[in-house]
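Chemist: Sharing a structure, written as structure tokens. Questions coming.
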Amino acid sequence: MDYFIETKENLNQDTYNKNASASVRNVPDEISQLKSAPVAAALLCDAMDRWVDGPKMNDAIRRLRGRGQLTGDIRFNEYGEREDIVYYGIGRINSHFTMLGNWSEKTGWLFENRYTNKWEFNIDPDADDLAGLHLRVVVYLEEPFVTKNAANHYQGFCIDLLNEMAAILKFNYTIIEVQDGSYGIEDDSGRWNGIIGVLQRHEADVSVSAVTITYSRVEVVDFTLPFMHLGISILLAKTKDDTEKSSLFTFLEPLSLSVWFSLIGAYLIVSFMMYLLARFSPYEWYDIEKIDGRDRSIENQKNQFSVLNSLWFSVGSLMQQGSDVIPRAAATRIVAVIWWMFTQILISSYTAQLAAFLTVERMTTPIESTADLANQQKIRYGTLKSGSTMNFFKESRIPIYERMWSVMESASPTVFVNSSKEGIARVKAGNYAYMMESSMLEYYMERDCQLQRIGGLLDSKGYGIALPKGSPLRDILSRTVLQLQESTILEALKNKWWRDKRGIFYVLITGLFISLVMAIGEYCIESRHDTFRLKFTVLGKIRYWWTGVYDEEKREKARNKLCNLQLDTAGQPPPRK
């Protein structure tokens, strides 16, 4: 809303409009003749004589009744002043004049609800929370900011951000999807669509999505401090290059540094799990000297998976050389199988990547900057339809960007796409460059090795939480965004949604968990058997498995009981060692 029409203009409009003129023709018949009477001489400014019919005209005006277009009913009091005057508030919204409300002496200003600055909730600007408040949150579905999972629940970076803010400020919310599938752009008539239009019409209280803060949007809605900084980048598919750079550590390049460190961590964890489960499982213990077929003496039992043997087994499997240490229990065998599968997949991937690095020409592109893209005609380029990136080129006054916009606008078929996924599909198909915001570009590059970024950022901007103009929520939400930035929560959320997870590590973790469950089951079954048969306490057996020392006094008591039992049944004492 830009301005109100001034009161003077309203009154002048009613003075000359046809309705007011028609009402003058309805004055009493005895006065109507004054309209044609020769009164010019009597109305001269320097005339000294009084106009004879002046009182009659004054009385006729006081009795005048009519309906004005902009100031309500037209009637006068005994002093010739307008009474019961009504002023209608008319403002320009989206380049169109709209009736906003009215004012009268009795009621004051009365605005329509959609244009009033009075909100359904009252918020103290210095409040620390929004306890008890229920907000309508409008979103736009786009990975990785807002998506739906298999259970039709919302998830993504912005949903996590919204949940963090709700936990801090103690408010509830309802999510609304924007219906026209757009963040918001102004059409030729000045109307906004998408999220911006929804907020402008007060159909939602806030938007937590990847809404870019731009000058044109700030004029019609409010934004908080940006929760993510970005810029426009160029996405292009890789092509072959006839150059190859090598270095002393080229063999490390097939895997990233994070993968190498993860591999070391996985090796240590698996070695520890083998040692732990082997100590925990009774089937990894064997007798040095057997007393008889089933009965065992616990002090003669030995476990082959010492710390060094566990480390040696894991590294032998990793190098696919094997070792002389062989797991016997079901739990340790599960760990071994999962580790073998893990190393097989990893080594196969490493071998393939290393061969590509050493024998295949590296991938590069003939386009290295925006200027290169603008100065060629083979590779077409475009943006998301109805977004801030398209507006950047449309409104830019930089010659190279103006030329690029002219090429994009006149291209046939169109180079604009309806979604980022469609743009990426065209990039991978070849001879197409997609200009998109760097945050989403990083997300898709992380998941597809065929994609690469060209040049640097074309501009600098940010994503912000959008609100209706004048919303009392802006300040407190901005403070919360700043709090999340300083506590590095926003950085943690970005790492969660942008960094790709390696599936083989999930397989490894699942296998370790299954083996742990198997070891617990084996231990429970065997411990119950030994406790009943040999009268060993559970804690005593655990102590021996971990330390190799068993309480001699308790051991002797248990053995004496066993000897007495055997004497009673067989008449012969068991052999002693």
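Cβ atoms here come from the backbone N, Cα and C positions, even for glycine.
According to TrEMBL, the protein carries these features:
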| type | residues | note |
| --- | --- | --- |
| DOMAIN | 134-500 | domain 'Ionotropic glutamate receptor C-terminal' |
| DOMAIN | 144-201 | domain 'Ionotropic glutamate receptor L-glutamate and glycine-binding' |
| TRANSMEM | 257-278 | transmembrane segment |
| TRANSMEM | 503-521 | transmembrane segment |
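Let's see these features in context: how buried, what's close, how far.
Modeler: Long-range neighbours of the transmembrane segment (503-521) within the same chain, counting only residues 6 or more positions beyond its ends whose Cβ lies under 8 Å from a Cβ of the stretch, are 262, 266, 269-270, 273, 277, 280-281, 329-332, 334-335, 337-339, 341-342, 345-346.
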Chemist: Pull the DSSP breakdown for the domain 'Ionotropic glutamate receptor L-glutamate and glycine-binding' (144-201) and write it out as helix, strand, coil residue counts.
Modeler: 20 helix, 13 strand, 25 coil
Chemist: What is the average pLDDT across the domain 'Ionotropic glutamate receptor L-glutamate and glycine-binding' (144-201)?
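Modeler: Mean model confidence (pLDDT) across the domain 'Ionotropic glutamate receptor L-glutamate and glycine-binding' (144-201) is 90.
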